[in-house]
Amino acid sequence: MLKVLMPTIMLILTTWLTKPAWLWPTMTTNSLLVATISLTWLKWDSESGWKSLNSSMATDPLSTPLLILTCWLLPLMILASQNHMFMEPLNRQRSFISLLISLQTFLIMAFGATEIILFYIMFEATLIPTLIIITRWGNQTERLNAGTYFLFYTVMGSLPLLVALLMTQNNLGTLSMPLIQHMYQMKLHTHGDMMWWTACLLAFLVKMPLYGVHLWLPKAHVEAPIAGSMVLAAVLLKLGGYGMMRLIMMLAPMTKTLAYPFIILALWGIIMTGSICLRQTDLKSLIAYSSVGHMGLVAAGILTQTPWGFTGATVLMIAHGLTSSALFCLANTNYERTHSRTMILARGMQVILPLMTFWWLMMNLANLALPPSTNLMGELLIITMTFNWSNWTLTMTGLGMLITAIYSLHMFLTTQRGLMTNHIISIEPSHTREHLLMTMHALPMLLLILKPELIWGWSYX
């Protein structure tokens, strides 16, 4: 763990000591080196699945893909932020990069933690840099409102979790993940036990977010700068799914009946958020609601508590992390040129930026889960599992996939086709930096098609 964690922490020092002219190239290169080193975690050499295990940190097949995604995202965020941060004073640029690096440090410690309390502390710590990024570097004054929503939803959701964890510590005597999975599971009999069960999962359902407690997400996404949107969509939402999988081990056996209403709500949320997407005019808002729908499917997969459900959820989390991050980058390239997030004002882009249209098409097709993408693999596993749980869910998941395809193609056609608007007189061409950014999103997606077992989670050890 330290071979990645120490260089990441040292990047903060590098940020403040680098010459101004070399700040962005140096940070991009160094963070890319750290991301490359993190790939060594993919090599399994233990029967138990746990690797580099010590008293507080370790990696296993579930956390490794998420850890690598976290490390991979830092150079991409730095690349994407260069254009709008370049005019800021030097110290602000350095503060911004330092916040991104500190966020990555907290995320590595959250995904790598073996103690659930350490995971909880890091889960809450990620809130601070994200909140500063949204409220300080957001575009409109509405960002303060978005920051308040984000703060209160997260804190109010996770306070019951802290109480539940302290109760568990008293009952079991330990909160170590490798130990808990081999211990006697707690029986849930009384109404108090059921409340304890809900408290354990509420924080993660808010973070995912489940439909019904999702209002903070579109606000935070729309108002955040590009780096904030990328890290929110790609990694922070996945903390919810990861936490649910970790804690659900100690919540069996009665969890199956308690999970029913949540599965129904998650599946209903897919249709509802899809319908909301069909009416959106704001590009970033559309992608944000799309994330809510996809994470609803992940929640349903986890709550079925079967190997297929867990595998499908892990695969979809990684695939969605790369896809939604890429879509936010594309939305940002449009925003930097037209200074508007309204889709209809940025139409006809295919004429001016034809190569960008290729990226738009590719990412939209990945978003609607076109074969042979990893998105499809994750969705099919979860849909098969929920169908096995109840045949009626097929109508909801099938309709959800259909609506996803409709709004993805609608987004593509609205932004890329049609007549150009008169107010767009001169638009700068696409930069090599932007194509590099999109290539670095697409490359893992394409490579994972060839070896998807790397992101199968617990099914692959």
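The backbone N, Cα and C atoms fix where each Cβ goes, glycine too.
What Swiss-Prot says about this one:
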type: TRANSMEM; residues: 20-42; note: transmembrane segment
type: TRANSMEM; residues: 61-81; note: transmembrane segment
type: TRANSMEM; residues: 93-113; note: transmembrane segment
type: TRANSMEM; residues: 114-134; note: transmembrane segment
type: TRANSMEM; residues: 147-167; note: transmembrane segment
type: TRANSMEM; residues: 197-217; note: transmembrane segment
type: TRANSMEM; residues: 225-245; note: transmembrane segment
type: TRANSMEM; residues: 258-278; note: transmembrane segment
type: TRANSMEM; residues: 285-304; note: transmembrane segment
type: TRANSMEM; residues: 351-371; note: transmembrane segment
type: TRANSMEM; residues: 393-413; note: transmembrane segment
type: TRANSMEM; residues: 436-456; note: transmembrane segment
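As a quick check, the transmembrane segment (93-113) and the transmembrane segment (61-81) clear the bar of 3 or more Cβ pairs under 8 A, pairs 6 or more apart, so the two touch. Proximity of distant same-chain residues to the transmembrane segment (436-456), defined by a Cβ-Cβ separation under 8 Å and at least 6 residues beyond the stretch ends, is recorded for 42, 61, 65, 72, 75-76, 79-80, 311, 314-315, 318-319, 322-323, 325-326, 329-330, 359, 362-363, 366, 372-374, 377. Taking pairs at least six residues apart, the transmembrane segment (393-413) and the transmembrane segment (225-245) share fewer than three Cβ pairs below 8 Å and do not count as touching.
Long-range contacts of the transmembrane segment (258-278) within the same chain: residues 188, 194, 197-198, 201, 205, 210-212, 214, 286, 289-290, 292-293, 296-297, 299-300, 303-305, 386, 389, 393, 396-397, 399-400, 403-404, 406-407, 410, each at least 6 residues beyond the stretch ends and with a Cβ under 8 Å from a Cβ of the stretch.
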